[in-house]
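Chemist: Sharing a structure, written as structure tokens. Questions coming.
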Amino acid sequence: MLALTPVLTVSYEVKSAFLFLSILEFTVGVLANAFIFLVNFWDVVRRQPLSNCDLILLSLSLTRLFLHGLLFLDAIQLTYFQRMKDPLSLSYQTIIMLWMVTNQVGLWLTTCLSLLYCSKIARFSHSLLFCLASWVSRKVPQMLLGAVLFSSICTALCLGDFFSRPGFTFTTMLFVNNTEFNLQIAKLNFYYSFIFCTLGSIPPFLFFLVSSGVLIISLGRHMRTMRAKTKDSRDPSLEAHIRALRSLVSFLCLYVVSFCAALISVPLLMLWHNKIGVMICVGILAACPSIHAAILISGNAKLRRAVETILLWVQNSLKVGADHKADPRTPDLC
């Protein structure tokens with residue numbers, strides 16, 4: 001069996017570096033997802049209709065804002081309050097479980113985005129698949145509602161199962177006066193809750209893989225068709241395929257990395273008591289949604305235009321400030 005050296009405590013320098021990295025990741029993640037949320041919410045304020053893609057991005061950015069808040073709380077709890085030699089506190093376990101169910105909601109929303117890309121961009125030769133794609137593109141609000149409903153049911157089941165277990169552990173402690181045995185029971189309860197909550201991510205992940213696979217097949221067929229007919233590299237359909245696949249493949253890679261980090265963090269935390277390893281896993285978990293938010297911004301035309309508008313405004317403001325400093329005799333109109 002793999003044996004790791006327990007790291008029950010870490011130095012002040014390591015804690016400071018981890019906290020600085022957590023603050024940086026929290027800031028970047030909140031700014032990126034708040035930008036996505038505000039750009040789309042501004043259209044709601046102006047009573048402009050949101051496209052199906054914008055509606056999904058609005059919901060996804062709001063979910064990830066809450067996710068980043070949970071991960072930042074996890075970092076603070078891990079840095080200052082949770083010691084490796086102690087059993088996991090109820091507050092720390094609660095943060096982990098809330099992160100899992102929030103991450104599952106984000107997975108469902110990204111699956112809806114994948115299904116939308118597949119229905120809008122992929123080209124189907126079979127009439128049944130074409131009708132199914134048309135139905136999906138029309139039913140995005142209902143899909144979002146179904147995703148939220150299913151996620152709410154999974155959340156209720158996970159949290160209900162999780163919060164019912166401390167009572168079982170407490171009852172066990174009354175009848176068995178064995179501290180080590182009680183600690184092992186508490187660990188098994190948390191493992192059970194972790195695995196039980198993970199099972200809810202299987203259906204959306206399978207839907208995501210299928211829709212992404214269909215999009216990849218459609219891209220391959222389209223590239224063969226274009227190669228046979230024309231040499232034009234500025235094909236709008238090809239560019240749409242590539243932008244959609246860049247977003248989906250990046251999410252797949254980042255989700256697998258974050259899932260592995262979450263999976264590894266549990267034995268690091270409860271079996272090997274390696275605090276530095278847990279800190280690295282938490283850092284990876286916080287970085288993945290921030291990176292995907294940046295990729296979504298770069299692949300969305302409306303969000304890119306908003307970024308360009310902000311950068312142009314900043315550039316003009318800096319230019320006006322520099323001109324004012326260069327010629328202080330310029331009258332101030334205010």
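FYI, residue positions are counted from 1 along the chain as it appears here.
The backbone N, Cα and C atoms fix where each Cβ goes, and this holds for glycine too.
In TrEMBL, annotation is done automatically, which means it is predicted and not curated.
Relevant sequence annotations retrieved from TrEMBL are reproduced here:
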type: TRANSMEM; residues: 20-43; note: transmembrane segment
type: TRANSMEM; residues: 55-76; note: transmembrane segment
type: TRANSMEM; residues: 96-118; note: transmembrane segment
type: TRANSMEM; residues: 143-163; note: transmembrane segment
type: TRANSMEM; residues: 190-219; note: transmembrane segment
type: TRANSMEM; residues: 248-270; note: transmembrane segment
type: TRANSMEM; residues: 276-297; note: transmembrane segment
Chemist: Under 8 Å for C-beta pairs, could you tell me which stretch among 143-163, 190-219, 248-270 has the largest tally with the transmembrane segment (55-76)?
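Modeler: Selected stretch: 143-163, with the most Cβ pairs under 8 Å.
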Chemist: Using Cβ distances below 8 Å and needing 3 or more such pairs, separated by at least 6 in sequence, tell me whether the transmembrane segment (20-43) contacts the transmembrane segment (276-297).
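Modeler: They do touch: at least three Cβ pairs between the two stretches lie under 8 Å.
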Chemist: If contact means at least 3 Cβ pairs within less than 8 Å, sequence distance 6 or more, would you call the transmembrane segment (248-270) and the transmembrane segment (143-163) in contact?
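Modeler: As far as Cβ distances go (cut-off 8 Å, pairs 6 or more apart), the transmembrane segment (248-270) and the transmembrane segment (143-163) do not touch.
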Chemist: Should anything in the same chain at least six residues away from the transmembrane segment (143-163) have a Cβ under 8 Å from its Cβ atoms, list it; otherwise answer none.
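Modeler: Residues packing against the transmembrane segment (143-163) from afar: 55-56, 59, 93-94, 97, 100-101, 104-105, 108-109, 111-112, 115, 136, 192-193, 196-197, 200, 203-204.
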